[in-house]
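Quick notes on the structure that follows.
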Amino acid sequence: MAEGLERVRISASELRGILATLAPQAGSRENMKELKEARPRKDNRRPDLEIYKPGLSRLRNKPKIKEPSGSEEFKDEIVNDRDCSAVENGTQPFKDVCKELNNQQQNGPIDPENNRGQESFPRTAGQEDRSLKMIKRTKKPDLQIYQPGRRLQTVSKESASRVEEEEILNQVEQLRVEEDECRGNVVKEEVVNKPDRAEIEKSPGGDRVRAAKGEKGKRIEKGEGMRKTNDDPAQGKPGSAKRYSRSDKRRNRYRTCSTSSAGSNNSAEGAGLTDNGCRRRRQDRTKERPRLKKQVSVSSTDSLDEDRIDEPDGLEPRRSSERKKHLERNWSGRGEGEQKSNGKENRGTLRVTFDAEAMNKESPMVRSARDDMDRGKPDKGLSSGGKGSEKQESKNPKQELRGRGRGILILPAHTTLSVNSAGSPESAPLGPRLLFGSGSKGPRSWGRGGTTRRLWDPNNPDQKPALKTQTPQLHFLDTDDEVSPTSWGDSRQAQASYYKFQNSDNPYYYPRTPGPASQYPYTGYNPLQYPVGPTNGVYPGPYYPGYPTPSGPYVCSPLPASTMSPEEVEQHMRNLQQQELHRLLRVADNQELQLSNLLSRDRISPEGLEKMAQLRAELLQLYERCILLDIEFSDNQNVDQILWKNAFYQVIEKFRQLVKDPNVENPEQIRNRLLELLDEGSDFFDSLLQKLQVTYKFKLEDYIDGLAIRSKPLRKTVKYALISAQRCMICQGDIARYREQARDTANYGKARSWYLKAQHIAPKNGRPYNQLALLAVYTRRKLDAVYYYMRSLAASNPILTAKESLMSLFEETKRKAEQMEKKQHEEFELSPDQWRKGKKSTFRHVGDDTTRLEIWIHPSHPRSSQGTESGKDSEQENGLGSLSPSDLNKRFILSFLHAHGKLFTRIGMETFPAVAEKVLKEFQVLLQHSPSPIGSTRMLQLMTINMFAVHNSQLKDCFSEECRSVIQEQAAALGLAMFSLLVCRCTYLLKESAKAQLSSPEDQDDQDDIKVSSFVPDLKELLPSVKVWSDWMLGYPDTWNPPPTSLDLPSHVAVDVWSTLADFCNILTAVNQSEVPLYKDPDDDLTLLILEEDRLLSGFVPLLAAPQDPCYVEKTSDKVIAADCKRVTVLKYFLEALCGQEEPLLAFKDGKYVSVAPAPDTMGKEMVSQEGTRLEDEEEDVVIEDFEEDSEAEGSGGEDDIRELRAKKLALARKIAEQQRRQEKIQAVLEDHSQMRQMELEIRPLFLVPDTNGFIDHLASLARLLESRKYILVVPLIVINELDGLAKGQETDHRAGGYARVVQEKARKSIEFLEQRFESRDSCLRALTSRGNELESIAFRSEDITGQLGNNDDLILSCCLHYCKDKAKDFMPTSKEEPIRLLREVVLLTDDRNLRVKALTRNVPVRDIPAFLTWAQVG
């Protein structure tokens, strides 16, 4: 406070100069009013706050000067100062002030003790008596306003420049004493001598007045960094502050009482006016209320600002300067210096008046002088913390609002004390209204009269200004947390209130965002208790905690130029906008919580329905406002989905639940409510779509083209707006779908239209495809459902729940396919004679056991064990050919989905070749029909599903480009096979088109080329699918080059893909695609050509890598023919690309294209190689038998050998006898059980499990079985390990060395055979662990069998049992007389008697290899 009050010190010369300058202008009271009216207030702003400028006239630490030697020198100085101020218009005093400021900065930190010493000067007894006499005369509280803390002047320590300072202070004091003696005449003198505003501010006193305004309310005892550097022991305890609470207003413990009314809102005179008892009582009162602060009331000090309305204008400037001077002197002398000075010397009364307008406006010269003074300041710290002028400036706003003086203020006559004098709203008393006014509430503010203190002006007793407007007494709460801003009204920016809880509904919730930007557009409090830097570039940051930020020019005058860059301003405004958006979302969350609680009830009353409608309306308004304010923020916060879920989805589901509830009283009323809600939603989203287009300036018609990649980049806001528009369209489709379900209808055309529009806006989003799949499921179109679910998974942002939906679809398809297969078998078995004939040939009894019956069914025909494959094929072909196109199409779709279900689920892949063969046969027959029953769109869906199967089955963690999984190769083989059949059909149709063109008379001129316009309709239907698959092949060459292993298909179905493509390329070269010219670059008369298949498959991930070059055609050209020309051009480029591969697949030789692709391992070559291997094995068998006979003859000579052989014979005989007894017991048990129930085994051999002896003795036979491609050879891992052990050789007896070498060689050949086949990834060969895990490679074939029960034979048998999945519900008959029927697809191939017996006990079919070869008719 002392720092602020020191600014109002006015020298005598300055005051004399003011009086001399304004003497000619002295006039009547009306002239003063006219002068005041010339400065009107703008927007009800208070002009008394405008004067503040941070960082000016810090004149606290002036150098001290010696006292003048005599009164003559003092008088001469007064005259000189008066002349200077009158002639030079205040220029020199400003230079002196700058000089003093430079000296102050050079002297270092500010010393409060020095300040007191600087302002102390001797006073005479007469002056003291006159001061006391004046105080007694002006004792009434309505005339005097007391400011607390009047200082006692002290003699400070030594200072080099003290003489000059004290000389000025003595002059001011002498002037003040003279004015006290003629109190009654001063008022008139001030009216006459009212100075001009500009001339006042040109003088040094005017500068100090402005400095005092900037420093008002600042207490010298505040515990801050600049006070800590003062080590002067004379300062004492009152000058240092240890507290950091912002609400604790500490006062001088030696503060004296006043002779004025105790109820006044300001303090009394200094220590010289009272005795020690009064001082102690005031100290006690301060201790009792240490935290009372910033009280706002209509008491004496609060009325200062309002009183200025009715007071004479001429009194304002003089009175204002005098009051500031008096308050500065009273405050600057507080502390220890009060005790050291002569307390009875300072008893004069300073009368200071305030001009509400003059205080807030500056003349240009004053502003320039202020700028000069700012420039004259060196960048040195003015505080102990070493802060510069910026820090000091940022501190001034805080100092301004805590003014509390201790002098006596003589209010002029006719002073209006109403709270709305400045035209401010009623909230104005809550903020800092006066320079030393309402913000300076001390402990005495709660004296007699409280906050509604009445003030009377003796000169105008009829007027009672204090009763004009009164504010309610404040309710004080916690004073420690005072960082909340408050509102000032509409006409001014928000300023910090004196107390946080005055007009705040929720004072504890004012969040502040970290960073350079302010939380709100108005200034507030800084929560820190230590000095901080500026918070933004517009307003200087608060320096002290709990103090309001700058008032004055930042409220009432135009804002100064911002130092923030445009980017920072934009970010600042964006932060503010996001805060508003977060607030809206918080409000919406609250509303949604109420709505959810309402919907959670079992029954909803009519009042609840009305409340629900109200909450929904508020939610829609809040969410719509968020979307239209900041579309990017809304997308990040997912406001679109939250809007749909909270305002529509949960309400719709509640109504649907109530409609289905049988206990609901009036379901029709609920249904009508539901339909009204759906209509409301449709209208809302239609409106939102229009508002999005208007707000973000785009048209939806320009973007519903289905392009995933655009030539020109979109604006950021348009991109987000398109995403929001797509979600709105999806919501429209959902509403249309719910409407159909509510009406119990199934016309989903409108919903499908909305979903397709949404897909065209952003094709990479998977949500529209998922919704389209739902519609396909509702309408039982399984192919469409699978297609859209796959599109949903193969999108840039996939819908992962589609995977579960696909799993359920494929499971249902599998059941239907099995039912269809069973139905076909029943149709084949209509003839009972053939069935009995075939049945008798397949029955075989096991020994003499009549209770066990095995029915062996050959895989070539379901009715007979004998039959040819050709007969089966011709019969099935005749059956497919006899079907209608629609029935054939249904059967094909079912088979196609069944095959892809195996590829997707990877279950039942052992039957995939058979299912794929069926798919290809039906597809081939379908293509023969004209017109094609599939259609262009359905054909595109088939190709898309094939692409997805290859894409979905690729290895995720494989970094090698040549690495492909078995599932991926099978999926690629199926796709290429269907593509080859499609290309064959196109080649045939192209030839037909060429023949038709030759027969056409108008095309005889050009017989060599085939015109695109002459294409037959079936060819036009197929070309888009061929083009799309070729695009995929160009984008992913690693999936088909080198070519994958082809499926094992019959010769009439298996087609060489690359030979077919070569033939297609030869016929395609004859097509003239230049019938419609195509252009690469755009032009004014050209238009972009978009193919229908490209638009339909836009956003499909497997096709994103395909080349997508734009193509332009003339606007007048035929778009249909132009599209076919583009397709032909793309196909020609694709076929040329096959010739340009690193390993070319096509080549141009002898004037035509031929296939140069490496031929896969065909069945013929394998047959030849395996036949040669079989002959070699037979020759080796003969040699082995001869070698065994020779070895026996050689070993029969010795007697020891004979005895050993006899002993072995006896041991074997005993062992055989034991086994026979065991077998008899087993047979007896079986007979006992078989008397009650007969068992039938239906054996359809598919999996063949050989043991180790089978590879040693019958390797060639196993190779023939493998080459037949009818069976899958399953090799247990334990058999491979045994073969490895035999191949290494373990000779323990030299006499058996020859046979061991033979066995070792056969085992080695078996291992080589298996490794070769596994390396080539033979689909009919697989390895199986003892736990039932299939292996695609035997590179790692060691198995840990610890914990496995039994020997190796048991492990082999466990592999067979892996394929025997018996379920009681499947084989147990309904009646006791019927036999138990078991289905077996596995056969154990072994000669081991023990293993065969174990297999029979477990109902596992078993045969030796030669017998099975005879039955299977292989070899």
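The backbone N, Cα and C atoms fix where each Cβ goes, and this holds for glycine too.
Note that the coordinates shown come from a computational prediction; the quantities given were computed from them, not determined experimentally.
Mapped onto three states, the DSSP output places Asp1353 (Mn(2+) binding site) in helix. Within its own chain, Asp1353 (Mn(2+) binding site) has Asp1251, Asp1392, Asn1394, Leu1395, Lys1398 as residues 6 or more apart in sequence whose C-beta sits under 8 angstroms from its own. Taken from Swiss-Prot, the feature Mn(2+) binding site covers Asp1251, Asp1353, Asp1392, and the record attributes it to similarity to another entry.
The compositional bias 'Low complexity' annotation in Swiss-Prot covers 258-272.
Look at Swiss-Prot and you will find 303-314 tagged as compositional bias 'Acidic residues'.
The domain 'PINc' annotation in Swiss-Prot covers 1246-1397.
Taken from Swiss-Prot, the feature phosphoserine covers Ser203 (among others).
Residues annotated as phosphoserine in Swiss-Prot: Ser332 (among others).
Annotated omega-N-methylarginine per Swiss-Prot: Arg406 (among others), in sequence order, evidence recorded as similarity to another entry.
Marked as omega-N-methylarginine by Swiss-Prot: Arg433 (among others).
Annotation source Swiss-Prot lists phosphothreonine at Thr471 (among others), citing similarity to another entry.
Annotation comment: Swiss-Prot describes Thr479 (among others) as phosphothreonine.
Here Swiss-Prot flags Ser484 (among others) as phosphoserine.
Summarising the annotation, Swiss-Prot assigns phosphoserine to Ser831 (among others) and lists similarity to another entry as the type of evidence.
Taken from Swiss-Prot, the feature phosphoserine covers Ser870 (among others), and the record attributes it to similarity to another entry.
The phosphoserine feature in Swiss-Prot is assigned to Ser874 (among others).
The region 'Disordered' annotation in Swiss-Prot covers 26-77 (among others).
The region 'EJC-binding motif 1' annotation in Swiss-Prot covers 39-59.
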(request) Could you tell me which of these binding-site residues, Asp1251, Asp1392, has the fewest other Cβ atoms within 10 Å of its Cβ? (result) Asp1392
(message) Centre the Cβ atoms of Asp1251, Asp1353, Asp1392, go out 8 Å, and tell me which other residues of that chain have a Cβ in range of the Mn(2+) site.
(response) Thr1252, Asn1253, Asn1352, Ile1356, Thr1390, Asn1394, Leu1395, Arg1396
(request) Mind looking up the mean pLDDT for the domain 'PINc' (1246-1397) in the predicted model? (result) 82
